[in-house]
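Colleague: This is the structure, below, for whatever I ask next.
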Amino acid sequence: MNNLRWKTPTPNHSGTNCETEINECDSSPCQHNGTCSDLLGHHQCQCPAGFLGRNCEVDIDACSLPNITCPPKTECLDLPGGLEYTCRVPCPQTLQVGKTF
């Protein structure tokens, strides 16, 4: 009897005998400086503060967080890059060219 062993190719292995596990972190899937962990057949991203999603692709709207408040008569403006925001005085609804307010 022959001692040959057959392996079925899988998407997470490569090589002549499927002996090499593919490192899913090689393609740098984690965005915004997320940390990638190579697991068997998939990856996992540890996202920095202000980002979430499978690949840290979602920038959290800082203004939607309950602990973010702005002074009266100002509005919160979410900035790109994580939990960055600023409070600003909103522009008047209508502006006329040449008119002083």
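Cβ coordinates are placed from backbone N, Cα and C, and glycine is handled just like the others.
Worth saying up front: this structure is predicted, and the values here are computed from it rather than measured.
Quick paste of what TrEMBL says about this protein:
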type     : residues    : note
DOMAIN   : 21-57       : domain 'EGF-like'
DISULFID : Cys47-Cys56 : disulfide bond
Colleague: Measuring CB to CB from Cys56 (disulfide bond), give everything in the same chain under 8 Å that is also at least six residues away in sequence.
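Modeller: In sequence order, Cys30, Gln31, His32, Gly34, Cys45, Cys47, Pro48 meet the Cβ cut-off.
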Colleague: Tell me the residue counts in helix, strand and coil for the domain 'EGF-like' (21-57), as DSSP assigns them.
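Modeller: The composition, in the requested order, is 0 helix, 13 strand, 24 coil.
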